[in-house]
Amino acid sequence: MQKIIVQGGRPLHGDVHISGAKNAVLPILCATLLADGPVEIGNVPHLHDVVTTVKLLGELGAGITVDEGTLCRGSGITVDPTTVHSQVASYELVKTMRASVLVLGPLLAKYGHAEVSLPGGCAIGSRPVDLHIKGLQALGAEIVVEGGFIKARASRLKGARHVFDMVSVGATENVLMAATLAEGESVLENAAMEPEIVDLAECLKAMGARIEGAGSNRILVQGVDRLQGGRHDVVPDRIETGTFLVAGAMSGGRITAHRTRPDTLDAVLDKLRQAGADIGVDADRITLDMGGRRPAAVNITTAPHPGFPTDMQAQFMALNCIAEGVGVINETIFENRFMHVNELLRLGADIRVDGHTAVVRGVPRLSGAPVMATDLRASASLILAGLVADGETTIDRIYHLDRGYENIEEKLSALGASIRRVR
Ligand SMILES: CC(=O)N[C@H]1[C@@H](OP(=O)(O)OP(=O)(O)OC[C@H]2O[C@@H](n3ccc(=O)[nH]c3=O)[C@H](O)[C@@H]2O)O[C@H](CO)[C@@H](O)[C@@H]1O
Ligand SMILES: C=C(OP(=O)(O)O)C(=O)O
């Protein structure tokens, strides 16, 4: 089992290059199933979740070509869906990565049937898929849940107006992908507005889909008979960007994140400014300068985009742990996303949890200790805390981290952190 060892106390300075977004590339890889020809995807991050998705597409029969380093940004993956011969996504793969459920809409729309294992819950919450199912049913699919599988059929999906009961990123993605090949017009109301939805829509449009309004809560899709191959570069990862900026802020340093998209990070940048950081923004660059200051505690309530992202909650919890003052964090998206609290307590943090609310009283110093990663962003928060703790912090179970951060140790080392992976 691999571990990460961090020696705390070094301010971070310098430049970091941001990778393509995990939460954009996974739906985009699934969307390639809709095409009648090869789809080339650029700026693909090297992540375990990407490997799992590629494995799933391979199991369905798609041809996969990986072009390492042939593109100036990230690597490229070409998916040729013309050889797909199976419409069944097995439990073995879906259970390791819930984004696999995003093959449901594309397979159903393209082949008229699909069987996808129910993803089940995960450490951060129960994560149901009823909204995905209801949205596809609105397009005319017949769906039963049987033997742990979602079994869907439709001779051809039919465009419809559908209002999502609540904002769901995954359900919006699944239904949006399915609607591209449905007959006639679909109107998706109360749609999620995340930048990853916009990126998915851009990729679908490059394949010939007719979509308007992605990024707003009302998406219009004119169904087409077929989608062709195309090419698309994945949007930079706003959560990776935010994680590095928080690391800079906690350490009192100055860092510049390159190849990012500041316009996807408004809520996070606002909170960093409130914490006392000077933030400079360019078209594809963000510079954070803390000038050696200790951050001020910030209050946070997670919400669908453009609200504060749940995927940045754990990292800001780490910031509040060493901030001046008291920060109150409300988690409204996932019922169990405070798994990092007990580990942060082991480092000397002062946190009290009551239901969905955590009250964090900043302490001047944390002290290094062995801790255990429980999920992806919890792992990131423990690294951030370790970077400013006295002495050594050892983080166990870091396989969670490899799902969503490309070369995090190398990137942090280049900024001056003392961090290494041991096997
Ligand atoms: C709105 C939101 O912030 N979504 C986050 C969610 O996306 P992800 O797509 O995983 O989750 P959803 O956006 O679908 O979930 C939002 C909420 O809706 C509920 N729900 C969802 C689907 C469904 O069929 N039924 C149902 O009740 C969920 O339990 C949750 O409380 O996790 C991702 C990974 O952390 C984040 O990148 C997304 O920003
Ligand atoms: C929890 C996350 O991802 P997933 O939905 O893939 O588990 C995340 O990106 O923070």
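Sequential numbering from 1, following the chain as shown.
Note that Cβ sites are derived from N, Cα and C of the backbone, with glycine treated the same way.
TrEMBL does not curate its annotations; it predicts them automatically.
According to TrEMBL, the active site, proton donor annotation covers Cys122. The phosphoenolpyruvate binding site annotation in TrEMBL covers Lys22, Asn23. Annotated UDP-N-acetyl-alpha-D-glucosamine binding site per TrEMBL: Arg98, Arg127, Pro128, Val129, Asp130, Leu131, Asp311, Ile333, in sequence order. Annotation source TrEMBL lists domain 'Enolpyruvate transferase' at 6-412. Annotation comment: TrEMBL describes Cys122 as 2-(S-cysteinyl)pyruvic acid O-phosphothioketal.
Positions of the features from TrEMBL, shown on the structure.
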| residue | record | contacts (Cβ under 8 Å, 6+ apart) |
| --- | --- | --- |
| Lys22 | phosphoenolpyruvate binding site | Pro45, Leu47, Asp49, Val50, Asp237, Ile239, Arg403, Gly404 |
| Asn23 | phosphoenolpyruvate binding site | Ala99, Val169, Glu194, Glu196, Asp237, Ile239, Asp311 |
| Arg98 | UDP-N-acetyl-alpha-D-glucosamine binding site | Pro119, Gly120, Cys122, Arg127, Gly170 |
| Pro128 | UDP-N-acetyl-alpha-D-glucosamine binding site | none |
| Val129 | UDP-N-acetyl-alpha-D-glucosamine binding site | Val101, Leu118, Pro119, Ile150, Gly170, Ala171 |
| Leu131 | UDP-N-acetyl-alpha-D-glucosamine binding site | Phe164, Asp165, Met166, Ser168, Gly170, Ala171 |
| Ile333 | UDP-N-acetyl-alpha-D-glucosamine binding site | Thr302, Ala303, Pro304, Thr310 |
Do you know which of the binding-site residues Arg127, Pro128, Val129, Asp311, Ile333 end up with C-beta under 6 Å from ligand 2? Asp311
Suppose we screen the recorded positions Cys122, Leu131, Ile333 by Cβ distance to ligand 1 with a cut-off under 6 Å; which survive, in sequence order? Leu131, Ile333
The predicted model's mean pLDDT over the domain 'Enolpyruvate transferase' (6-412) is 96
If you count other CB atoms within 10 A of each CB, which of Asp130, Asp311 wins among these binding-site residues? Asp311
Binding residues Arg98, Arg127, Pro128, Val129, Asp130, Leu131, Asp311, Ile333 (UDP-N-acetyl-alpha-D-glucosamine) - maximum C-alpha distance in whole Å: 22
